[in-house]
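Take a look at the structure set out below.
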Amino acid sequence: MAPTELLSLASLSLLLALVAQPHEAYGSTRGSFLSNDGSAAVNGICATSVTIHGYKCQEHEVKTKDGYILSMQRIPERRFEGNGNAGIKKQPILIQHGVLVDGMTWLLNSPQQNLPMILADYGFDVWIANTRGTRFCRKHVSLDSAQPEFWNWSWDELVSFDLPAVFDFVFNQTQQKIHYIGHSLGTLIGLASFSEGHQADTLKSAAFLSPIAYLSHMNTALGMVAAKAFVGEITTWFGVAEFNPKGQKASAFLKRLCNYPGVDCYDLLTAITGTKAMINFFNLNSCNSLYTGKNCCLNFSTVDLFIKNEPQSTATKNMVHLAQTVRDGVIAKYNYGRPDYNRMHYGEAKPPVYNISAIPRNLPIFISYGGQDALSDVKDVLLLLDSLKFHDEDKLMVQFIKDYAHADFIMGTNAKDIVYNQVLRFFKNQQ
C-alpha cells in the first residue's frame, strides 16, 4: 500500500466515528442490542427505539448474493393507526445510513423530530437499511465475523450487493417502486449504484442528504493532522481486517492525534464533522455543554445517545477505499495498488470510474447540503452537481443550508422544518 494512501486512510478513519472510547451500546430506552460478536439480541432496533413510541415495527433479514445477512426494520404505518386502512398500499421509502454508524442513527431524536417516524406519520411505508459489519449485520451463510474473510469488502460491495438486495426485498414485499434516502456514505453508494443501473426497475426517486460523492476538499481539523501523522502508526492497521472504532487501537491512535498542536479534541464532533456540538473526548459519558449555531442545533440528549450507540465497525478495506476517493478525487472502484492486481479484477490497469452522469436524466433527485459541513464540502458538492448538469431540470431539486453541518441532517432538532419538510414535498410531487 502506498504511503499516500495510508495517510489518507488516517484522515478517513476520523470521518465520523472516532468520537468515543470503548463503551457499551444501548438505545433511547431500556433494552439491549446485538453485541459485536454477533450474539442474539434481547431487543433490536424495533423493540428498543420504535414500538415504545406507539409505532408498529417489523424486523427483517435480507440475504445478499455474496452471502451476507442484513438486518432491516420496517415501520409500515402511522403511530396508533387503526385497522381502517388495512390493505391500502403505501409508498415504500428505503433509508440508508452513512459509514461507521447503523440505522439506529436515524432514530435518536424524538418521534416528532426523527425522519423515519415523520415519514411514517405522513403515510409512507418506511424501511431502514443496515450495512454489513454493523452490530445487527454480522452474519453470513458460511463465514464468521471473527474471520478476516468476512471483512474482505469495500463500498463497491455495498453498491453491487447490499443495496440491490435490500431494494429487491422491499420491492418483492410491496410490489411498488421505491423512494430512496441516503445520508453521507448512503449517498455515495446510491449514486454509484444508480449510475450502473442496478435499481433501474425498482427506483422511483432519490434524496441525498449531505452527499459525499467527491471528497477531495474534505477539510476536517483532525483529518488534516492525521494526514501528517507518522505513517508507521497507520501501517499497524494492515493485517486487521475489521476496522473497529471502539477498539483499543483506534482509541489510542486518536488520543495521540489529539496531542498534536492546534487540535482541540474537547470540541471533537466539530473537529470531525463541522457540527457545532461540544464534546469532551476524555469524558464522553458526561457531555457537559452544547453549542449550537444559527439554524442548526443538536440537543444534549441526542448527542449523548449518539455517543453511546455509535460508532459501528466496518471493513478496513472499506476505509482504504474511501481514502482513495479523497486522494484521487474521482469516484472509482477499489484500487488494489498494482496494475497487475487491478487487471486480475477489472481487466485493466486502473480501476473503472463510476460515471455519475450515467444516472438516468429523468430520475427525480433531491440534494440537500450544508455550508458548514467539513465532510461534504461545498466545493465537492458542486463537483457532484456538475456531474448532473445534463439532468432534466425539472427532475433535480437542490437545497443549500448555509448553517448546516454533517450531523445536522440526521440529528438536528430543526431538521424537520428545514430539511424533512422539503423531502416530503419532493416525494409528494413524485406520486
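Backbone N, Cα and C atoms are what each Cβ position is placed from, and that goes for glycine too.
Going by TrEMBL, these are the annotated features:
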{"type": "ACT_SITE", "residues": "SER184", "note": "active site, nucleophile"}
{"type": "ACT_SITE", "residues": "ASP373", "note": "active site, charge relay system"}
{"type": "ACT_SITE", "residues": "HIS406", "note": "active site, charge relay system"}
{"type": "DOMAIN", "residues": "50-109", "note": "domain 'Partial AB-hydrolase lipase'"}
{"type": "SIGNAL", "residues": "1-27", "note": "signal peptide"}
Three-state composition of the domain 'Partial AB-hydrolase lipase' (50-109), taking helix and strand from DSSP: 11 helix, 19 strand, 30 coil
Between ASP373 (active site, charge relay system) and HIS406 (active site, charge relay system), the C-alpha gap once rounded to whole angstrom: 5
Cα-to-Cα gap, HIS406 (active site, charge relay system) vs SER184 (active site, nucleophile), nearest whole Å: 8
